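Here's what Swiss-Prot has on this protein:
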- 17-24, 81-85, 135-138: GTP binding site (BINDING)
- 8-283: domain 'tr-type G' (DOMAIN)
């Protein structure tokens, strides 16, 4: 199948915003006006096309990025709708890799809200050009110019209004296009499909003139030849201004600003024009870079059908009909259905069964996909972040970095017979979502699920019930403590049992000492056969078993060296089990004498916060037994680096949200284990013995 749309006419865009700024409604309108849907879906009715998971329809929020292709004036738009809730930030990060441009949707009343700020920073990190759409202009308190000031102040960016609103609140009728100085008016309720160009209302001429001047000044500052014309007093044609604004937008010097009300069907078509006019095609962005797995050398792939095939799997989903769907962005070359590709970061081959072009949860089968495009593959065993490429020209693209899960809770099936099913379902969710992790607590043997927040885990539990008919019980969050020793100690372990018939006899002497290099080391110093060779591994096994449960609070023991140096045996009664028990007894006794302590995980925490909340955030980290390591200022944002015990970090996402009105974000990674202060260790031991009583 030959290429349907030239690569220059492709636009891979994300629609990003804070929760409730009207992003999904905006996407619905785009699909309606581009002819992809015949009936407009309303989010508050649970009918939106892009919100296709059951939980999304109920909650009215977008959880997974649905992707869809739409067509406008001969251009193909691949649109990714992303969630605005902080617990699902991973979806935004994940889709940034596949995008070339973003439409940031801001609510006209609230302006720049927390998650938009966080997502703006991610877009900065990934270097994605963007335009701004101020939505909900029909609401009471709508203030387009207020959002303009907000963007400058909170995002430290350079917004350029290319429209001004006509009216506001109930009287919002349309916009003035500042390039050709015409009013665009939506009259009547033709679902917004019809609009007229008129002369600018008399009362708005001065305002429009003032903002047109500001727009021209901002644009010519980025282009020397236009600046010369401007200062010479020449009239600059609208086309030249647009061309210069396109270049400045792609270079991330300026952000074109538009407005409308998606719900009332006004302002969407000019915004689609702006996507085409100002956001980049795959050819306009820098080539993607990666490493050749054979040589380790850096290589680049340009957006061209003639280069070797290279793509990134940016999302994996289980589909009720097709099995696993792997969404991928093609950076170079092309791939056909039925072709075998190389998953270079895993060194394995995969056959692409079918290729689908997605429209929310509907699909169209295509035979080939080319450079710059986005599609979904059926039958490929891949995970998020995998590189798919041509085996003859291998490349591994930069790994996707995801924030670490910050909350964990115990989970078990309501019926024992569902244990196997639970394991399968958890594995499936881990494949789909890189921020969802599963572990087993060796102490309690409980399965723990880890995620980005309570809503994240709630939705996973809900999906188990709905999609897999799996009922589970969940517990409260918990910390994985460990124990160790601070000094050397010696102890004897003697196990003798005489009870008719053959007895049991095992006798050992051991030294234990702190060992920072290894979690556990066993040294055999037996000489002269005082303990026969065949019983020595049993002593080691007995010590290991005893280390599963320390003497402070019953947590696993780490960083210990044990030396077996003496003992005795009985010709008839000695056995492996007797020496294993003797080893365990000796270890427990030695540990009590070796100054045992409780250890807790210390986390490295980085908080990105607007400057005005810096003092409150630092005060809060100090109250959590945190140590502040330093601070870094970036624009209006401060990054605070600290080390904080994990035990103090439960509920932090929620607390940080309330301290900073949700405008701060944080990333937490494990640093090391450290001794717990004595008074806290006593509390932990007390709670542990109560729980196990």
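Any Cβ shown, glycine's included, is placed from N, Cα and C.
Spatially close to residue 137 (GTP binding site) yet at least six residues away along the chain are 108, 144, 165, 168, 172, 259, 260, 261, 266, 267, judged by Cβ distances under 8 angstroms. Secondary structure at residue 137 (GTP binding site), as computed by DSSP, is coil. A 10 Å cutoff on Cβ-Cβ distances gives residue 17 (GTP binding site) a total of 27 other Cβ atoms nearby, all chains included.
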